[in-house]
Amino acid sequence: MKNYIEIVDVYARQILDSRCNPTVEVEVELEDGTVGVAAVPSGASTGAFEAVELRDGDKSQYLGKGVLKAVDNVNTTIADELVGMNVLDQVAIDKTMIELDGTDNKAKLGANAMLGVSLACAKAAANSLGMSLYQYIGGVNGKVLPVPMMNIINGGKHADNNVDLQEFMIMPAGAPSFSEALRMCSEVYHALKSTLKAQGYDTGVGDEGGFAPNLKSNEEAIVVIIEAIKKAGYTPGKDIFIALDPASSEIFEDGKYNLAGEGRVLTPEEMANYYVELAEKYPIISIEDGMAEEDWDGWKILTEKIGNKVQLVGDDLFVTNTERLSKGIKLGVANSILIKLNQIGTLTETLNAIEMAERAGYTAVVSHRSGETEDTTIADLVVAVNAGQIKTGAPARSERVAKYNQLLRIEEELNDMGEYRGLKAFYNINK
C-alpha cells in the first residue's frame with residue numbers, strides 16, 4: 001500500500017443545500033489524478049457553542065447567506081498550505097487547518113470551509129487506495145450497520161405548526177437487519193401519511209422529510225405515530241420504538257421551558273417530569289436535547305430520573321466538542337452524544353469526540369443537518385466507527401434517501417461481515 005500520495009489541488013465552489021441556501025463544496029485532486037469531492041451541510045436550530053459557519057452577510061446576494069468568503073479561504077489560504085501534503089495523513093491535514101485558523105471556534109476560516117476540505121481529503125485518499133470510505137476511515141473493524149433514528153413528524157424550527165417539540169422519530173430496533181429496518185420505517189411512513197389524511201391533517205413535509213401537521217399537542221404526535229406503527233403491522237415497543245428531539249434550547253426562556261402550543265411554562269424539574277410521564281406512557285427509547293444547552297442542572301435532574309432506561313442524547317449540549325463532552329461526563333449528565341461533523345469542523349476532531357464518548361460508556365448517534373446535500377459521508381462514517389445509530393431524516397426527499405441508499409450499498413458490500421445490533425446498540429441503558 002502507498003504511504004505518501006501528494007495533494008496537487010484544492011478547489012472550492014458555492015452550491016445549494018436542500019433549503020435553497022448556499023453551502024461549500026470542495027474538490028481535492030491527487031498526484032495520481034484521483035479526486036475527492038465533499039459538500040457541507042447546515043443546521044436550522046444551531047447550538048450556541050458550535051463552530052462558526054462562515055457566511056458573507058451581503059444581503060444583496062442570497063439574503064446574506066452566501067459562502068464566497070469560505071470558498072475563497074479554501075482556494076487561497078487553505079490550498080496554499082495543503083498542496084504538497086500527504087493526503088493519507090488526515091491528522092496532519094486537519095491540524096494544519098486548525099493552526100491556520102487560530103481561533104477556538106473556526107471563526108477565521110469557517111468550519112464550513114475546513115470541513116469541506118477535511119472530508120474531500122479523506123474521500124480522495126479512499127478513492128486513490130481503491131477503498132470504500134467506511135473502510136478507509138474505520139479499517140477492518142468498521143462493520144456495524146446503524147439503527148435508523150427516522151424523523152417522521154416535524155415541529156419546532158423545522159416546521160410551521162404549533163407543535164413545540166422539534167422532532168418525533170421512529171427507531172426499528174427490533175429489525176433483524178438494516179435493510180429490513182429501512183423497509184419497516186418506509187411502511188410506517190406511508191401508514192402515517194394515510195392516518196394523518198384520514199384525520200383531516202395536512203401531509204406537507206418539513207425540512208427533513210417528516211410530516212408537519214398542525215396537531216393539537218405534542219402528545220398527539222406520539223399517539224398518531226403509535227397508530228401508524230400498528231397500522232403497518234408492527235408492535236410499538238418491540239419492533240419499533242419512539243425517539244424525541246425537543247430541541248429544548250429553542251423553547252428555553254428565562255430559566256423555564258415554554259410549551260407555547262400547549263399554553264404551559266415549565267421549570268426544569270417540571271420539564272423532566274413531563275418526559276418521565278411520556279416515557280412511562282409510551283415506548284420512548286431516546287430523547288435528544290431534552291434540556292437546554294446551558295441548563296446543566298436540568299440535565300442532571302433528567303439524567304437522574306430516567307438516564308438508566310432512556311437514551312439521553314446531547315446535541316446542542318455537546319456540539320461534537322470534546323471539551324463540552326468531557327464536562328458532561330464528569331457531571332454525569334446525558335448518556336449519549338449526537339455527532340454532527342459541521343459542529344466541530346474536521347474529521348479528526350469528530351473521531352476524537354466519538355472515541356471519548358464510547359470510552360465513557362456513552363453512545364454516539366451520527367447525524368445529518370436540516371440543510372443537507374447529496375453528500376453521503378455520514379453513512380460511511382457511522383459504519384466506520386461502529387456507532388450503531390444514525391439520524392438522517394425521513395425516507396423521503398432525495399438528500400435524506402441518499403444516505404439510506406448508501407447504507408444499503410454498504411450492507412450489500414459487507415455481506416455476512418455486516419452486523420445490525422438493534423437493541424444492543426443501546427448499551428448505555430437497561431432495556
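Each residue, glycine too, has its Cβ placed from N, Cα and C.
Quick look at what Swiss-Prot annotates:
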| type | residues | note |
| --- | --- | --- |
| BINDING | Gln166, Lys340, Arg369, Ser370, Lys391 | (2R)-2-phosphoglycerate binding site |
| ACT_SITE | Glu208 | active site, proton donor |
| BINDING | Asp245, Glu288, Asp315 | Mg(2+) binding site |
| ACT_SITE | Lys340 | active site, proton acceptor |
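Arg369 ((2R)-2-phosphoglycerate binding site) is 13 Å away from Asp245 (Mg(2+) binding site) when you measure Cα to Cα.
Neighbour counts of Cβ atoms within 10 Å were compared across the binding-site residues Lys340, Lys391; the minimum falls on Lys340. Taking Cα separation as the measure, Glu208 (active site, proton donor) is nearest to Ser370 of the binding-site residues Glu288, Arg369, Ser370, Lys391. Each residue contributes its Cα atom, and for Asp315 (Mg(2+) binding site) and Lys340 ((2R)-2-phosphoglycerate binding site) those atoms are 8 Å apart. Overall, the recorded (2R)-2-phosphoglycerate-binding residues Gln166, Lys340, Arg369, Ser370, Lys391 cover a maximum inter-Cα distance of 17 Å. Other Cβ atoms within 10 Å of the Cβ of Glu288 (Mg(2+) binding site), summed over all protein chains shown, number 28. Taking only the Cα positions, the spacing between Lys391 ((2R)-2-phosphoglycerate binding site) and Glu288 (Mg(2+) binding site) is 11 angstrom.
The distance from the Cα of Glu288 (Mg(2+) binding site) to the Cα of Arg369 ((2R)-2-phosphoglycerate binding site) comes to 14 Å. Of all the binding-site residues listed (Gln166, Ser370), Ser370 has the fewest other CB atoms within 10 A of its CB.
The local packing around Asp315 (Mg(2+) binding site), expressed as other Cβ atoms within 10 Å of its Cβ over all shown chains, amounts to 29. Using the Cβ center of Asp245, Glu288, Asp315 for Mg(2+), the list of other same-chain residues with Cβ within 8 Å runs, in sequence order, Gln166, Glu167, Leu244, Pro246, Ala247, Ile287, Asp289, Val313, Asp316, Leu338, Lys391.
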